[in-house]
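K.L.:
This structure is in structure tokens; I'll ask about it shortly.
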Amino acid sequence: MTDIPAKASVASASNGSVLLTLMKARTFIALIAVLIFFSIAAPNFLSAANLILMSKHVALNAFLAMGMTFVIITGGIDLSVGSIVGLCGMVAGYLVLNGIDLQVGYTIYFNVFEIALITLAVGILIGAVNGLLITRLNVAPFIATLGVLYVARGLALLSSDGRTFPNLVGKPDLGTTGFGFLGAGRLLGLPVSIWILVVVALGAAYLAKYTPLGRHIFAVGGNERAARISGVRVNMVKMFVYMFSGFCAAIVGLIISSELMASHPATGESFELNAIAAAVLGGTSMSGGRGTIGGTIVGAFVIGILSDGLVMMGVSSFWQMVIKGLVIIVAVVVDQAQRRLQSRVTLMQMAKAG
Amino acid sequence: MNAAIDHDVILKLVDVSKVYSGTVAVKRANFEVRKGAVNVLVGENGAGKSTLMKIIAGVEQPTLGRILLEGEEVSFSSSGEAVSRGIGMVFQELNLFGNLTVAENIFATREITNRFRKIDSREQERRAAEFLERLEAGIRPDMLVEDLRIGQQQLVEIAKAVSLDARILIMDEPTSALSAAEVEILFKVIADLKASGVAIVYISHRLEELIRIGDYITVLRDGRITGQEKMKNVDTQWIVRQMIGSDAKDFAKADGHVPGEEIFRAEDICLPRVTGGLAVDHVSLSLRTGEILGIYGLMGAGRSELFDCIMGRHGHATGTIFIAGKKVRERDTTRRIRRGLALIPEDRQREGLVSILSVASNLTLASLSRFVRLFHISGAKENQAVAQMVRELAIKVADPAQEVSSLSGGNQQKVVIGKALLTGPKVLLMDEPSRGIDVGAKADVFRTMRKLSRDGLGILFATSDLDEVMALSDRIAVMSNGKLTGMFDRAEATEAALVAASALGHGPVPHTESHAHD
């Protein structure tokens, strides 16, 4: 009987395949559906200017959602990303305006490139704090990142006493000008933030598919015990995903501050929820082990297009929230239905064959 | 025994099959349970006994087939429904809440309440005491379950099932942790229940026990029912024949190669138990290249724990290990694998496989660094290694990109073995390598073990199957209660000696199991 299961599952792949294929491609179908719907319902929706504007909105959520995807694949969650966005924005703003006062009569000013690196380092560092809490001190990811959410937000508010750092143009004599490039600059007609998104997304997708680390991320989420016995350094993998999530959040903090040319300490509130929604919509399983970067990006686009399109149609923001919630719930319900259908088909065939 | 009178059938399974992802646990089983009698169910490990019972008790739902209770078709979606229809079960793995008292456990989900829906603990404890009295267990109903010995916990589990006033009572290996005296008391209780018309389904490995108390016997092999008889018509020989079947186990023959130098030595391995005492108690052993050292022992003897210590899975374990004469200082699993140790864990699903990943990803999980240039996994190299393992181990899979959970148990086990082999080990630790896989796959696994030992690997394998340990090992170590209680060369090992050594430190010697020879 040993050869039967193999045959059975091959058969099940072709059996009832239409429904299964439709279910598997649901995120794509949703994306195409919202595109078609809004191009008919909202005037100017398909104009180049609008599409670029929308992608800039989507990009912010997409960064966070990519970091979130890796975290969720390992079976964790990162609630602190929104606060990291806020704090990193404040760090960048502070450095542009004030530099670092060495307390001996000198103040160091950094150029924009250095400021970006320092800000990214701060994001990674906060991610590392999350990781250490989870791996070394055995705090549940939900609690650890919830704590860091509050701490980081509090620090962001403390850094300016709750005020906004305005007008981040910098001073030419200090070499701090050019901060606006990230948010407003363009390369080959596309906004810089989109290019960064493309680079990070390709990198993340490559990492997930072609590197041992990527394989280990999936293994840890699929079965942590088996991964550990196979010699996977589970703690290092977890450290990495939270640090990567922090890195993505820092990018978003930089871009937002740069777009607004100002840093506001409340920036990024509830961003973590949008990121989770995009990941889940893109097929990431909250129980770990499943998910793709591509799916998450598509998920982020569905959510982003949905909210921008509804705004253009003049739908009230209260209704927008209701609709967004329903879309997420439907996505997960379909996901579960697909899993059940698939496993039932396989099991029934094995039972009959065996 | 009044098995001469035909008892009424109370429950009937018709063509019941149960499939888990990857394994067919029960295949088209037809099984009858008779009133006022002890219906015995017997079969080897992994034959599907427990699954069949879980289906009757409503814990699992059959994939196909019907259940008839007193002629009426029923389907239980939970054990609660089965209980409400008068079916109770004593589970093999204890289903008790350690943080609750004995009385609270016995009345869990059926709490006795007063007018205001407040739990009447005094009444619960009084009634619980009655049941415990019958079992002469000396357990107070207000004790916490976690403070009881494992045998006492088993008695609580039995008391709980008896208190259900069930018409059908299923007992899955109820005596596995009981002392001889406790077993006698249990048999008395069973006789009482039988007299009052309860249908008892009794599962055990101890053939003597079965022949003593059984009225009807059903034998399962590889998920199929191979024999159903009245107990008075059968003898041990018949049972064993039905259990093992015509296709007697195919233990690849020894090829007479001579083991070489010492490759592995463990000295003074100790692992403290959370509840006090030692789970592994000062164990030392050595292994030569090309040698298969079988570690025989009953459940809970500390075999798996010893393997865990060797692999560095417990930070608080003490003792030293040497590979090829060199002390292994690395304390974590990752680096011990690099030093040449590999473990095939006992629990395939929980520890062996990442079930949602593909066959290929599982195979290479432990050895990815072999296929990496800089940081890129070379797809060609990886596929080549996967294809080689699939061929060498005869893994039956259409496409290695398939999810590993779609394979049968035996092929899943081969994937776990392949994963370990790809790390290029010097010493292979195999924990119950033949558990829950079918006959053909077992033969493949045993053949692979022989081949690996011929290639110079040292193999340590743990098993609770006497035949297996006798047939495959060059030397046999016996563990009991965390201690090494015997070390035999194959030439001098006898089943009686192994069984005796495996019972040391366990109080009364358990019944010796009869085993077939061919």
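Glycine is treated like the rest: Cβ placed from N, Cα and C.
Any TrEMBL annotation is an automated prediction that lacks curation.
Look at TrEMBL and you will find A:27-46, A:83-100, A:112-133, A:139-158, A:187-208, A:239-256, A:317-334 tagged as transmembrane segment.
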K.L.:
Six or more residues beyond either end and a Cβ under 8 Å away: which residues meet both conditions relative to the transmembrane segment (A:83-100)?
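P.N.:
Answer is 64, 107-110, 112, 115-116, 118-120, 122-123, 126-127, 148-153, 155-156, 159-160, 165, 168, 170, 174, 176, 179, 246, 249-250, 252-254, 256-258, 262-269, 271.
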K.L.:
Among A:112-133, A:139-158, A:187-208, A:239-256, A:317-334, point out the range having the most Cβ pairs under 8 angstroms from the transmembrane segment (A:27-46).
P.N.:
A:317-334
K.L.:
Quick test of the contact rule: Cβ under 8 Å, at least six residues beyond the ends. What residues does that give for the transmembrane segment (A:317-334)?
P.N.:
23, 26-27, 30, 277, 280-281, 302-303, 306-307, 310-311
K.L.:
To the transmembrane segment (A:239-256), which of A:112-133, A:139-158, A:187-208 is linked by the most Cβ pairs under 8 Å?
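P.N.:
Selected stretch: A:112-133, with the most Cβ pairs under 8 Å.
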